Amino acid sequence: MTRTRLRTALTALALLVVTGCADDRADPAATGAGNGGELTVFAAASLRESFTRLGQDFEAAQGVRVTFNFAGSSALAAQINQGAPADVFAAAAPANMATVVDAGNSDGEPVTFARNQLVIAVPRGNPDGVTALSDLTKPDAKVAVCAEQVPCGAAARKALDAAGVALTPVTLEQDVRAALNKVRLGEVDAALVYRTDVRAAADDVDGIEFPESTGAVNDYPIVVLKDADHPAAARAFVDHVNSDTGRAVLTAAGFQVP
Amino acid sequence: MAGGTARARPTPTVAPRGTRRTGRTPVALLVPAILGLLFLVLPLAGLLVRTPWATLPQRLTEPGVLTALRLSVQTATLATLLCLLLGVPLAWLLARVQFPGRQLVRALVTVPLVLPPVVGGLALLLVFGRRGLVGSWLDSTFGVTVPFTTTAVVLAQAFVAMPFLIIAVEGALRGADTRYEEAAATLGAGRWTTFTHVTLPLVAPGIAAGAVLGWARALGEFGATITFAGNYPGRTQTMPVAVYLALETDLEAAIVLSLILLTVSVVILAGLRDRWASAP
């Protein structure tokens with residue numbers, strides 16, 4: 001009887017522990033913890049391609065392993081403020097960076113290392129012949145725009161206002177890649193996304209530049225975090241991003257560099 | 001109506017359930033039960049602790065909130081009806097009809113449970129999307145496109161909720177005494193008459209439980225909805241989608257929205273439970 005009881009209690013406990021562990025593992029923030037010589041970089045989702053490249057260069061040059069956590073900037077900022085172990089934070093918008101700096105979690109002032117501009121993403125070959133923002137207001141046109149709560153949506157709002165274009169999108173997507181995917185799947189005729197996103201999906205989509213986007217450019221700030229386990233390596237990584245090599249990689253990905 | 005028929009059935013030999021008590025509650029059951037309850041309820045307490053009570057009334061009256069709430073309740077209810085319409089017959093098929101590959105079909109029914117909802121939404125796009133298997137035909141024949149419409153929200157919710165209903169109803173059917181159905185057949189009732197007059201009343205509590213589960217799952221649906229139906233206020237922006245987007249900028253707003261959704265669902269479910277108080 002006692003043994004049954006004990007076993008039940010142990011099973012319950014084990015379940016609790018297992019659930020706890022599973023939760024930890026599901027949280028990308030926790031993966032960098034406990035790895036001695038590893039640099040953990042939290043970076044905006046739009047930096048995936050260029051930062052992965054830069055990370056490989058950095059590993060080769062410095063002999064420090066770099067792990068990335070790519071996600072929406074606001075989610076990353078929230079994770080950092082909740083104590084996620086990260087050394088460097090690169091955000092897609094100053095507002096998300098400010099959340100971290102205001103909470104006192106940064107070491108020094110952030111610097112702007114790249115800028116991203118909106119373009120109109122259309123299916124490869126531009127079947128509808130889109131040339132300007134105003135083409136998107138045609139009655140049959142289905143357009144995806146980011147929700148205003150995320151940086152690409154805020155930029156789109158600014159650009160549309162600057163152009164005086166009253167656009168009614170069919171959907172306000174949760175992030176820029178979701179908006180781009182709706183074009184790739186053929187569910188919408190166009191989407192407002194970053195030039196870098198179009199560059200990364202060049203096989204499926206074309207990017208149409210439009211003049212009003214210059215008024216809605218997104219600054220990308222980067223900073224070393226206060227609780228960094230490897231502050232020296234973190235500073236070296238930031239320097240690497242700002243170096244000539246870094247700038248070349250970012251430019252190739254479609255960013256503008258200051 | 002249906003419940004009345006079920007209650008009128010001859011009572012088995014054993015005394016009514018829940019009235020017999022023998023000794024005290026075993027600790028081996030009580031401890032994990034309490035731990036389980038804590039595990040489920042503590043996160044709710046976490047939300048309550050962070051709730052900005054001072055600004056609550058003001059946030060409640062924001063126009064977007066009510067729109068999203070209304071859309072959520074409407075679509076979840078429609079999705080539940082769709083699940084009942086298709087799921088109950090499917091559960092009956094799985095429980096009462098012998099056919100080759102039944103085990104496989106039973107496993108396939110649970111696919112939406114395993115599939116990450118975002119993938120479910122993508123799969124729906126690949127079928128009902130403008131270029132999808134069925135969607136391209138709908139577009140070329142009727143000029144109808146499903147994605148980004150309220151219909152898409154209902155479809156996404158029904159897709160993830162239906163397995164809950166099917167499993168509950170199939171379980172009820174398999175647990176039900178088939179002798180009543182056999183008696184009906186002996187008395188000359190066809191299979192359809194037996195189904196509507198004997199089987200359905202017999203498993204009504206199971207159907208109700210499945211519908212409640214399905215409705216709750218549909219109400220909380222997020223991943224498939226945002227992928228398949230997108231996000232547009234008043235048309236496809238349900239409460240969970242609104243919560244997710246609020247999280248991008250305003251943690252407190254997200255908590256308030258979550259609490260509203262929780263309160264409304266608990267009130268509705270508790271109300272329904274009273275109505276079905278006779279159900280076990």
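Glycine is treated like the rest: Cβ placed from N, Cα and C.
According to TrEMBL, the protein has these features:
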SIGNAL    A:1-22  signal peptide
BINDING   A:S46, A:S73, A:V176, A:Y194  molybdate binding site
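Apart from A:S46, A:S73, A:V176, A:Y194, the molybdate site neighbourhood in this chain, defined by C-beta within 8 angstroms of the site C-beta centre, holds A:A44, A:A45, A:A92, A:N116, A:V150, A:P151, A:C152, A:D175, A:R177, A:T196, A:D197, A:N218. Among the residues A:S46, A:S73, A:V176, A:Y194 said to bind molybdate, no two Cα atoms are farther apart than 15 Å. Annotation note: A:S73 (molybdate binding site) sits in a helical segment as assigned by DSSP.
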